[in-house]
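Notes to accompany the following structure.
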Amino acid sequence: MISLNELWFVLIAVLFVGFFFLEGFDFGVGMQSQMLPKDERQRRVMINSIGPFWDANEVWLITGAGAMFAAFPEWYATLFSGFYVPFVFALFGLILRGVAFEYRGKAQTAGWRTTWDLSILIGSFLPPFLLAIVFASFIKGLPIDGDMQMHAAFFGDIVNVYTVLAGLAVVLMCNIHGLLFTALRTFGELQERARRRARTLLLPTGVLLLAFVIMTYFQTDIFKVRGVLLWAIAALGLVAFLLAGYFSKQKRDGWAFAMTGAVLGLSVISVFVGLFPRVMVSSLGEAYNLTITNAASGQYSLKVMTIVALTMLPFVLGYQIWSYFIFHKRLSDKETLEY
Amino acid sequence: MDTVMLSRMQFASTTIFHFFFVPVTIGLSFIIAIMETMYVRSGNEEYKRMAKFWGKLFLVNFAIGVVTGILQEFQFGMNWSDYSRFVGDVFGAPLAVEALLAFFLESTFIGIWIFGWEKVSKKIHLLSIWFVAIGTTLSAFWILAANSFMQHPVGFTINNGRAEMNDFLALITNGQVLVEFPHTVLGAFATGAFLIIGISAIKLLRKQDVSFFQKSFKIAAIVGIISSIGVAFAGHWQAQYLVKTQPMKMAASEGLWGKSGDPAPWTVIANIDPENKTSTHELKIPYALSFLSYSKFSGEVKGMIELQSEYEQKYGPGNYIPPVRTTFWSFRIMIVAGMAMIFITLWAVYLMRRKKFDQPNTRFLRICLSGLVLPPIANTAGWLMTEFGRQPWTVFGLMTTERSVSPNITPGQVLFSLITFNGIYAALFVVLIYLFVKVVKKGPYTVEEESHSTDPYNKKKG
C-alpha cells in the first residue's frame, strides 16, 4: 500500500498533467489565434473552438494549487511566496486572458478587438512560460533555508538559461498542441494552415526539448536519483514526439494531438518522478529539502481529503468528458460565434 | 509602509473587488435558472429571451468573478505564507474541496450553457444552469467554512506549532458558518434581484420593451423580498452568535467602551474617539442592543475596555481592540442599506398585489434604480465589519495578522503587485460598466440576434 502522502503527491501530479494536457491546447490556441488566421472570421472560429472548455481547463490549475495547500501546506507556502514576482505576472496573464475571451465579442470596434486580442496573446503566453520556469527550477534547486523560506533572486535563481529554455520549450509545445486542436475542430483552409504550421514548428521545438533534456542531465541530480525510470520516460517522450510528427503528416489529427499532449504530460511526469519523494529541492543542502513528509498535512486531514477526492473524482471526470463529447463536432459555417 | 500593511491592503482590495462580482454571480445564476425553468415548463419564448438577456449581463460579471477568484486563492500563499503554514492543514481542505466540488461543476456547465443552446436538449440545458447555480452556492459554502474557521476556530488541535484538523465535521458544522452562510447567500440572492430590479426600472422609465421588463421585475421582486427579509433574520442570528464567540467585535461595532448597562440600548450614531476610549454625541435606542444580542429585552453586553483586560490576561500584553470607527460605521451602513432593500421590495410587492404595477409611477421606479447601489454597499460593509472587527487576529485567538505575513517578501514586491492588480481592477471596472450599459441599451431583442450573426463586421441594426 502506498501512504497517503504518496497518494497526494501522485494526485497533485495528475492534476498538473491534466492541466498541461488540457489548458496546454487552449494556451496554444490562444497564442496561435493571434498569428495563424488570415481573417477575422478564422480568428473567431479558433477562439470559439476552445470556448466551452478553457474555463474548466483552468480549474485544473486552481485545484492543483488547492490540493497543494491542503495536502502540503509548506510546499504551497514556500512556493507561492518564493515565486512572488513570477506569480504576479502569471496571474496578470490569467486575468487578462479570462476576461478577454468573454469580452472581445461584446463590442464591434476595431480598437476594442485589438485590445482583447493583445490580451489573449499575453495571457496565453505568460502562464505556461512562467509555470514551466517554476517547474524547471523545482528540480534545479532553489535557496530554501532551515525555516523552509525561499529567498530567491529573480534573475539567476528563478530566471536563468536552463529555466528559460524550459519555458520556451513548453510554450512552443503548447503552440503545436493548440494548432493540432484547431485542426481537429475546424475544416477547410484554416485546418490546412493549422496543420502546416504545426509541422513547421516541430523541428525547432524538438531541438529546444532535446537541449533541455541534455541540460537537465548536467544541471540537476534527477537522472542520478531516478536513472532508469527517467531515461524510460525521456525515451517515451521522444517516441511520442516523433509519432506526433508522423501522424500530423498523415493528417490523422486526433492521434497527433494525443501525442503532443503525451509529450506535455510526460514532461510534467518527469519533473514529479525526478522530485519524488521531495517536493522542492533546496540548493543550500539536502537537509533543507521539502519532502512529502516534512511539508505535509496531518494524517487525519489527508484521510478526509482522500475520501472526498476519490468520491468526487469520477463525477468530475465524467461530466468533463461528457462536455467534450457534446462539442465534438467541427465548427460549421453556420455556427453561432460567441467571441 | 511595511509588508504587513501593504499585504493587508492587497488582501482588502482583492477581496472587496472579488466580492463585487461573487454575489451577482450567485444571485443572477439562481434567478436565470428560475426564468429558464419557467421557459421549459411553459414553452413561452419570452422566458427564454429573459434567460438569454440577463445571461449576457451574468457572463460579463462572471468573467471578472472567476479571474479575481484565482488571485484570491493564490494570495494566501504569496502574501500570507506563514498563515498558510500554520493553518494549511485545516484551512486548505475546504479550499481544495471547493475547487473539486464547485469550480469544476460551475466552469464545465457554464460552457455547456453558453455554447449548448442548439446542441443539447432543453432539459439538459436547463439542468446546466441549475448546476451553475448550485456550483456557485456550494463554492460560497466552502469558502465561508474556511472563513468561519478564521472567525471561530473549531475542529483542530495545536501540534508541532501548527493547527491540525481533527474533526472535519466540526469544521463544516461550525456554528459560525451556519449563521454566516445563510446571511451571505441570501444577501447574494438579493444582490442578483436588485440588479434586475434596477435595470428593469431604467427600461420601464424609458418605456422600452415594457412587458419584458415588467415580467423580469416581478420575478426579481419576489426573489428580492424573500431574500432581503431573510438576510435580516440571518443577520440577527449571526449577531447573537457574535456576542458569544467574538464579543470584542460586537463591542467595537457598537462603539461600546464600558459596560452597556442592562437592558442595553443600541447606539444609532456616535462620535467615536479611539484615543481616549470614549464615545460622545451618542443617539441610543433603548433595549435594542439586548434584543440584537440575546433576542430578549434584557441582558448586558461587555465593553471594549473590560474585554481588553480579559484578553491581556488570556493572550498576553497587546492591543486587542480592532479599528473601532471602521467596524462601527460599516455595521450601520450595512443595516441601513439592508433596510432600504426591504423597503423597496415591500413597496414593489405591494404595488404588484394591488395590480398597480402595470402603470408604474416614476418616483417608485427612480427609487428602484437607485437601489442598484444598495447591495454592493451592504455586501462590502458587511465584510469590512467582519474582517476589520476580527483584528488584530487572522485566526481568532490563535494567530495575529502581523505573524501571518510572508517573511521572505519585500515591501517593494507587494507594492508592485498592489499597483498591478489595482490597475487591472480599475480598468476592468470601467470595461464592465461600459458593457453593462451597452447590453442594457440594446435591450433583449437585439442582443439575441447579434449572437447569431456570423459576420463579424455586420453593423446592421437588428
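Don't overthink the numbers, they just go from 1 along the chain as shown.
From the backbone N, Cα and C atoms, a Cβ is placed for every residue, glycine too.
Database features, via TrEMBL:
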| type | residues | note |
| --- | --- | --- |
| TRANSMEM | A:6-25 | transmembrane segment |
| TRANSMEM | A:75-96 | transmembrane segment |
| TRANSMEM | A:116-139 | transmembrane segment |
| TRANSMEM | A:159-180 | transmembrane segment |
| TRANSMEM | A:201-219 | transmembrane segment |
| TRANSMEM | A:225-247 | transmembrane segment |
| TRANSMEM | A:254-276 | transmembrane segment |
| TRANSMEM | A:304-327 | transmembrane segment |
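For the transmembrane segment (A:225-247), the neighbouring stretch richest in Cβ pairs under 8 Å, chosen from A:6-25, A:75-96, A:159-180, A:201-219, A:254-276, is A:254-276. Ranked by the number of CB pairs under 8 Å to the transmembrane segment (A:201-219), the listed stretches A:6-25, A:75-96, A:159-180, A:254-276, A:304-327 are led by A:159-180.
Contact count against the transmembrane segment (A:159-180) (Cβ pairs under 8 Å) is highest for A:254-276, out of A:6-25, A:75-96, A:254-276. Cβ atoms under 8 Å from those of the transmembrane segment (A:254-276) belong to residues 9, 12-13, 16-17, 20-21, 24-25, 135-136, 138-139, 170, 173-174, 176-177, 180-181, 183-184, 198, 209, 220, 222-223, 225-226, 229-230, 233-234, 236-237, 240-241, 243-244, 247-248, 292 of the same chain, restricted to positions at least 6 beyond its ends.
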